Ligand SMILES: NC(=O)C1=CN([C@@H]2O[C@H](COP(=O)(O)OP(=O)(O)OC[C@H]3O[C@@H](n4cnc5c(N)ncnc54)[C@H](OP(=O)(O)O)[C@@H]3O)[C@@H](O)[C@H]2O)[C@@H](O)CC1
Ligand SMILES: Nc1ncnc2c1ncn2[C@@H]1O[C@H](COP(=O)(O)OP(=O)(O)O)[C@@H](O)[C@H]1O
Ligand SMILES: [K+]
């Protein structure tokens, strides 16, 4: 996993390390990494036109020192100071290296930005409040108008670093270079979408447990329940699936496709006879009717046929339960739901919490955590980036999907797959994490940059799993 820490955690780790190192060491490490990343992006340094947008703090200092390094290697570097205050030693370093300094009032700044190869956003970093001041917004807009790529120093200025929210104007970066550890805004939308690819420069920080972790290829290999010589169909896990209705029979076929593509040894289907017939026609290996299971997946396409009392009974039983779509209506905030995994999209989470969908979309991390705490369940909030919040406060994200996955039935595949992982014995947090990541990987294969259907995603899950399990990933 990749890990993100809060500003407070970063500041504390930085203070610990700085006490043991000569002054300025960390900023030099950060600036060197930034300069190298910019050179790599441009493909050349000599003669490159680089404009630095410099705010009042150390984020501007990083930009100035990186600019000085680039200037020493032959780049034409111009700094635009957006505040009366700026990092003095950084300005001295850039000037000594032959860089130019423009105050905000300079009439030449617009032309410098318009003709730049790259603009460096050193306006604000972890010390910033959300939003851009009008003068910063104006210079950023010149870069946007002239298609000049922007590299964000630490994070795109204007985003909310610890929540990933973007309540006001902010920079949209071609890429971001961050230091020491990832920050929450790199992982959580909508801010994550403004970061572009994020390069992490190690500056030697020693960090506590992360606030948010991002799932990677290696996590699948580490945690997937691969069967072994002693396994049989029962020990691999049996999933009970309640999905589909006379109104939505297809949801059952799609959800069972997702479930069978996961690690379980057997799938029991419970639902109306005509739907069971359709499910068995698609997958003759499915067993219809009651029996022992290791986990339940309930909800996709149930419509009005949800039996709330029966589901509530299962919620209080020992076996873990996944609740999706209509099944979420059975969730209440009483009782111990520690083994429950809820998989809402933003609209469903909004209904559960009694807020507007737009509020959930703007504050995804906050609402996923809120629901996990209120209902004592693990919440998987679907979207371009999937946010998974456990009741103990752990948060993970998965962001390997493709926008082509936004298609009817894709959520049913995910519910089946995550249910399958639950039945195979993973915790709700791991089942959600691996399920979301494999779903995203399968969608990439199914899409190949083009349209896909939910059933095609389900069909690609075994191949995605095989590729991820076989890959030789060090450490
Ligand atoms: N920590 C680490 O490990 C390392 C950190 N490093 C670097 O330091 C950066 C943090 O630097 P920092 O603490 O000086 O804060 P920073 O983000 O530059 O902001 C400072 C000032 O900006 C202002 N301001 C606030 N909001 C604003 C807005 N929306 N628009 C305009 N202005 C705004 C506000 O001043 P005010 O307006 O209140 O006078 C605030 O005091 C960090 O991101 C990284 O790049 C690396 O060098 C090495 C390792
Ligand atoms: N823009 C996007 N980029 C990537 N994945 C997305 C995007 N929008 C939605 N998804 C994913 O597509 C799936 C849609 O699920 P859901 O909204 O439940 O659809 P349905 O109810 O039709 O099955 C989820 O896994 C979600 O994370
Ligand atoms: K920045």
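Cβ coordinates are placed from backbone N, Cα and C, and glycine is handled just like the others.
From a predicted model like this one, the values you see are computed outputs, not experimental measurements.
The (6S)-NADPHX binding site feature in TrEMBL is assigned to 58-62, 125-131, 154, 251, 301, 345, 412. In the shown protein chains, 22 other C-beta atoms lie within 10 A of the C-beta of residue 126 ((6S)-NADPHX binding site).
Feature annotation from TrEMBL assigns K(+) binding site to 59, 121, 157. Secondary structure at residue 157 (K(+) binding site), as computed by DSSP, is coil.
Look at TrEMBL and you will find 382, 383, 384, 385, 386, 411 tagged as AMP binding site. When other Cβ atoms within 10 Å of the Cβ of residue 384 (AMP binding site) are tallied across all protein chains shown, the result is 15.
The annotation domain 'YjeF N-terminal' is assigned in TrEMBL to 10-211. Averaged across the domain 'YjeF N-terminal' (10-211), pLDDT in this predicted model comes to 97.
For 216-468, the entry in TrEMBL reads domain 'YjeF C-terminal'.
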Fill in: binding-site residues near residue 382 (AMP binding site), in sequence order, restricted to 58, 126, 345 and a 10 Å Cα cut-off
345
Practice prompt. Just the binding-site residues from 345, 382, 383, 384, 385, 386 whose C-beta lies under 6 Å from any atom of ligand 2, please, or none if there are none.
Written response: 345, 382, 383, 384, 386
Item to complete: Give the sequence-ordered set of same-chain residues, not counting 59, 121, 157, with Cβ within 8 Å of the centre of the Cβ atoms defining the K(+) site.
Response: 53, 55, 60, 63, 122, 123, 124, 125, 128, 152, 153, 154, 155, 156, 171
Practice prompt. Based on DSSP, name the secondary structure state of residue 382 (AMP binding site): helix, strand or coil.
Written response: coil
Worksheet item: Other than 382, 383, 384, 385, 386, 411, which residues of the chain come within 8 Å of the AMP site, judged by Cβ distance to the Cβ centroid of those residues?
Response: 345, 381, 387, 401, 436
Item to complete: Anything from the binding-site residues 58, 385, 386 with its Cβ under 6 A from ligand 1? List those in sequence order.
Response: 58
